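Record features, source TrEMBL:
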DOMAIN    368-448  domain 'GH3 middle'
DOMAIN    464-578  domain 'GH3 C-terminal'
Amino acid sequence: MEAAQVVNSNGNADGDYQYEIISWFDSVSKNAAMVQTETLGQILHLNYGVEYLKKWFGDMKIQDMDACALESLYASLVPLASHADFEPFIQRIADGDTAPILTQQTITTLSLSSGTTEGRQKLLPFTRHSSQTTLQIYRLAAAYRSRVYPIREGGRILEFIYSSKRLKTKGGLTAGTATTHYYASEEFNIKQEKTKSFTCSPQEVIFGGDYKQSTYCHLLLGLLFWDEVELIASTFAYSIVQAFASFEEQWEEICSDIKDGTLSSRITLPRMRKAVLDIISPNPCLASQIEAICRDSKASNWYGIVPRLWPNAKYVYSIMTGSMQPYLKKLRHYAVSLPLVSADYGSTEGWIGVNLDPCLPPEDVTFAVIPTFSYFEFIPLYKKKQDLTSSTVGYREDEPVPLSQVKLGQEYELVLTTFTGLYRYRLGDVVEVAGFHNGTPKLNFIFRRELILTVNIDKNTENDLQLAVGRGSEVLSKYGGELVDFTSHAEVMHQPGHYMIYWEIKGEVEERVLGECCGVMDASFVDHGYVVSRRTNSIGPLELCIVETGTFNKVLDYFIGNGAALGQFKTPRCTNNHILLRILNLCTIKRFHSTAYN
């Protein structure tokens, strides 16, 4: 398999369009402060008189107000809110109340969050604006990427994308993940036309409803179109790693299907099966080439398999920040020198920022806020000395400031006011202002603010956990082991309480090494409350639980069975879910206790 020699210098959108959308963003980012004031005005005028805003504005005639005065009035009257504050209003909408509760526009669709952060899925409004901003950010990001990694017009994307089941609420509204709504929208097809890049798989594969069957077909079709594939992509990095873990087990079956033009009996969904069989035809020569590459790659633990199978691919594209960072090591193992490009910054609540520097490694990526998408506020956060009574993670908060007043190097919690009916909504994301693009800030995502590990006076975030696990896995790697996935739990039912970290590993490793990993992780939590508590034994030794191979696939199956989509799935880094803990504990085959503080 040899790479194509000709690359269209215009990239994946024609030059005129790239110039047009980049010029648009330069314009709105230069005037970001004014654009933000206008954006808030548009949101409030569009939704004037809705029940939620009427609580705070009463009968004020805001239509005639000066935009700057309205911005100040809004911040002084409307309080900061969390999802819990909006939940009763959203539930009424889900139950069929058609009054203008959050928006004047009738809401017919609701998004479900992945549910992996807080242990349950949240309902959020989804409107045409949601799909339109998704299309806009995809096109903008594609224009910036094509400057660095130009791809052939008409090329294909091997996209590991998946829909979930869409449900009907009591009131007859459609509920599903935001990605599912987008893949079903007109904007998804427009995106392919505008960027001149087309996914390898038909809708029947994307909407199949069985992620294992969809993954097999994504891989099969990606290999059939091997010479047309210009990039490999997914919503989250986890999906790509999961797909290639499946490929390691299924490559011979896939080669057989390519050779004979058949489709494995594992594909049982009629519509998916027919759609794929309509595309494939026997290709013994291609099958032989793939088989030779796979036999050779298997001997080197699949190192560099991606560029060997898809030599024309220019990069791998996915969300790779936050909870996806632990998968970067495995992704680099598969991709070797193929660049990893971090996708843009968003949430189920709305899109936030675009990656303008696709050449940067995922660890260094920043996201330029798009000032037309929502009205953004920033709660300044200041690290403080350990407060043993505070419920937050070591921060003092100041009053929120608008986008135009953020400062370089300062950490903030994001607050959104959206066109979809969320007003001064605390997102829970902690970000740092790492720079500016014209007048709009470039954000570095730090972590989700939810406190995830606490037993006593300790306060450890997802970021703290990932750092500790990272140091432990470095020890594991030295002795030939590989960390597949992990999660954690704060055990408080027995005294003293302690942290439990669950690892699924690959490779044979001596027990003394795993004991060392356990101690290294325990010593890596440097939160003052944790260290003091460990020294006084008011928090017990950290417990490392080694689970059997396939355990985290069972965790995935549990979430998929409860309505999550693989494309939105993120392994929960800390859990109190009793069903999840039951799976983890039943699958635990070895336990180690730290001796770090002995």
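Glycine residues also receive a Cβ, built from the backbone N, Cα and C atoms like all the rest.
Here the structure is a predicted model, which means the values were calculated and not measured.
The DSSP breakdown of the domain 'GH3 middle' (368-448) into helical (H, G, I), extended (E, B) and coil residues amounts to 3 helix, 45 strand, 33 coil. Applying DSSP to the domain 'GH3 C-terminal' (464-578) sorts its residues as follows: 52 helix, 24 strand, 39 coil.
Summarising model confidence by region, the domain 'GH3 C-terminal' (464-578) averages a pLDDT of 87.
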